[in-house]
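A quick write-up on the structure given underneath.
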């Protein structure tokens with residue numbers, strides 16, 4: 001019996017554990033000559049297995065080579081892979097086969113992961129593409145041309161998809177009246193001829209007397225869009241016709257210039273620039289390159305690769321992204337198998353959409369919001385494209401390609417910032433030697449007066465998060481600054497009557513300060529007066545309120561440990577077990593005994609398990625009390641063991657949870673959200689008068705927030721001058737203060753009687769305000785902020801000022817006076833009900849076996865079958881017959897004459 005209970009317990013535990021299949025097949029479709037991408041795919045699969053991302057499960061690479069772009073061949077290979085049961089499929093890299101595979105995967109609900117340029121913006125739901133969106137690349141090129149002052153240049157391209165890739169360039173050129181001349185290579189043999197045509201047009205331009213000398217120089221600028229395969233051939237053709245001199249400037253749109261041997265061009269003094277997505281400097285990239293080269297040289301005889309092309313790196317990142325997605329999906333749901341899929345039967349995959357969603361939201365802890373791969377941060381939009389991409393600006397110098405800047409995603413859609421990292425001969429002007437006047441506002445912990453016994457002067461008078469941020473930026477970008485406190489003590493708002501700005505924003509607008517560095521919220525209204533950098537901190541409006549101190553009690557608190565459905569099941573289990581005792585006890589012949597053992601000649605047997613006795617016995621066990629009833633048959637003892645086990649688990653769980661309920665005080669706040677504030681009038685609420693929080697409620701179109709704004713406008717006494725005054729009013733009681741969540745977090749770390757109520761009412765960020773139109777300063781500061789974020793310094797600053805200094809961390813520990821205890825539901829204790837049900841079924845079977853076995857010893861006067869005898873006993877039990885019946889006649893060697901005498905009243909009794 002003990003072994004049986006252990007087996008049942010193990011089965012119930014195993015049944016609820018989530019686990020991935022032991023072998024997870026991932027498919028790869030690659031071109032016949034694309035060994036680099038295939039090896040990157042295999043190495044990434046091995047990396048996921050060796051690092052144990054999927055616990056005991058292992059990813060298995062299933063690779064097929066594509067020798068033709070014909071649809072039928074692509075379909076056959078794709079369906080062959082799907083028939084093996086895939087978690088996802090990667091590739092191919094060519095346009096038509098990839099689109100065909102994407103269509104098949106979307107119909108059969110299998111994730112399709114791409115790493116190539118895709119000009120179609122209408123995406124299927126089951127697709128993810130790690131290659132940047134076309135407009136992201138195009139906008140980046142436009143930004144470079146704008147900063148470099150290109151407004152008269154050539155665009156030379158190879159394939160028609162370049163028109164899509166450079167769509168934003170042509171649209172912007174039309175708006176700004178740029179002079180753009182288009183040339184297309186007819187084929188690979190026409191590269192030299194095309195450059196000859198461009199050179200002849202330049203010569204004719206020089207002879208044109210209507211053109212100014214300045215305009216003639218500008219015409220030596222070329223945007224070159226050529227595939228990685230033909231990039232070296234195109235540059236060599238330009239060199240052969242004399243178009244690779246110090247008079248030419250090239251911007252290469254390909255992301256793979258770093259893979260080309262540029263030694264033939266780096267001494268020509270030609271100005272060649274390009275964009276790069278991969279992070280060549282990382283140790284993981286170098287390890288991947290070394291591993292891939294070692295395998296590549298063993299497979300085919302060729303020179304080691306100088307670097308990895310973008311598509312190979314993206315395949316590597318995408319496989320790791322899939323592994324992290326599977327890891328996180330395994331925590332959320334049970335995935336037992338990735339089924340075989342037939343293209344003929346059109347049976348669909350399972351969990352494909354869920355897996356894609358988990359991949360889009362993967363966070364591996366190294367990135368601030370997403371997964372940080374060798375191609376940067378992987379974040380995806382609704383269409384499955386990369387939503388934020390950091391592109392390095394590369395410049396070919398006499399020593400080779402070097403990074404001279406970065407193009408960063410800006411706060412608006414499809415906008416970028418250019419952030420040079422070092423000065424070069426390529427028209428960059430840095431912040432080195434610059435001096436800035438910085439205005440700030442005294443708000444803990446962003447900017448405060450330093451506590452010191454000595455007389456401090458200059459910037460040493462201040463300390464705080466924003467001061468650390470300024471010092472880190474100054475060290476990184478080599479500028480100096482001088483801080484002063486804003487005169488009127490306000491962040492900054494626009495006065496519609498006077499048409500002027502006040503606060504820090506006003507000082508920047510009026511040229512009284514160069515920068516405003518504080519907890520200044522980036523808003524649409526403020527962006528009309530100043531420009532903002534990338535946000536250095538994300539936050540949102542929330543509610544600061546005083547913690548409730550009254551403990552909530554209830555007359556029926558003893559019922560809290562279990563949910564209502566569990567209590568109903570307990571009553572049902574008690575009823576069911578009582579009936580089981582009654583029925584099994586009647587069926588089993590070993591529960592019938594002589595009530596007077598000393599009178600052996602009595603022909604009557606009794607059964608102690610009447611219906612009332614069965615209920616009494618069950619309730620006694622449930623209450624952990626005994627009774628004078630003891631089961632004697634194996635079947636009834638089996639039921640008793642199962643019932644005892646059920647009671648043990650149930651009572652232990654109840655006792656433990658009841659103790660938790662009685663120990664932890666349940667404090668109920670009178671408000672839990674902004675909606676609760678609006679519905680009542682006892683608790684007042686407000687914000688700072690001239691801050692963005694108050695402006696948010698006044699201008700909001702949402703019913704709840706709009707009504708809150710109207711209440712605050714009608715009752716100006718609810719508003720406060722600053723955060724300190726608002727916090728003071730909250731401590732006094734019956735007042736809720738609306739402020740940024742980061743400030744609430746700071747105060748609740750120090751004031752243990754304060755708490756944040758509800759979540760964020762909006763999303764916003766703090767940025768550095770600069771004078772309108774000062775793109776250079778804004779771009780440099782934005783790049784510096786991003787660099788500090790990547791280095792983890794922004795997080796370090798916050799930990800220092802929120803949880804370490806100025807009394808931080810006092811309220812971070814567990815509190816005895818607050819907490820939550822959840823009632824136990826069916827999901828917590830449902831297994832014990834299942835075990836009890838299985839035990840009762842087994843006991844009933846044992847009772848039947850006991851009856852059949854006992855009938856072998858009984859003399860039967862009639863030829864009634866065993867089955868009919870069993871049915872008679874069951875009917876006798878179900879109809880609640882008497883608890884007494886005649887003793888059966890046992891088979892003996894010598895018949896007992898006295899025993900053979902008929903018992904008076906037998907027919908009426910049984």
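Going from the start of the chain as shown, residues are counted 1 onward.
Quick reminder: no glycine exception, Cβ is built from N, Cα and C everywhere.
Keep in mind it's a predicted model, so treat the numbers as computed, not measured.
The range from 809-831, 832-854, 855-877 that TrEMBL describes as transmembrane segment is residues 832-854. Checking TrEMBL for transmembrane segment across the ranges 619-641, 642-664, 665-687 points to 642-664. TrEMBL names 521, 526, 692, 693 for binding L-glutamate. Of 471, 475, 740, 745, the residue it gives for the same site is 740. Cβ neighbours of residue 698 (site 'Interaction with the cone snail toxin Con-ikot-ikot') (same chain, under 8 Å, six or more residues apart in sequence): 709, 712, 713.
Within the domain 'Ionotropic glutamate receptor L-glutamate and glycine-binding' (445-510), the DSSP-based counts of helix, strand and coil residues read 24 helix, 15 strand, 27 coil. In this structure the alpha carbons, written CA, of residue 343 (disulfide bond) and residue 692 (L-glutamate binding site) are 57 Å apart. Other residues of the same chain near the L-glutamate site, with their Cβ within 8 Å of the Cβ centroid of 521, 526, 692, 693, 740, are 491, 520, 523, 541, 691, 695, 696, 764.
Here the CA atom of residue 752 (disulfide bond) lies 18 Å from the CA atom of residue 740 (L-glutamate binding site).
Using a 10 Å Cβ-Cβ cutoff, residue 526 (L-glutamate binding site) registers 27 neighbours.
Taking CA atoms as the reference points, residue 693 (L-glutamate binding site) and residue 671 (site 'Crucial to convey clamshell closure to channel opening') are 19 Å apart. Counting every protein chain shown, 16 other Cβ atoms lie within 10 Å of the Cβ of residue 343 (disulfide bond).
Of all the binding-site residues given, namely 692, 693, the one with the smallest number of surrounding CB atoms inside 10 A is 692. DSSP classifies residue 740 (L-glutamate binding site) as strand under the three-state reduction.
In this view, residue 521 (L-glutamate binding site) is surrounded by 24 other Cβ atoms within 10 Å of its Cβ, with every protein chain counted.
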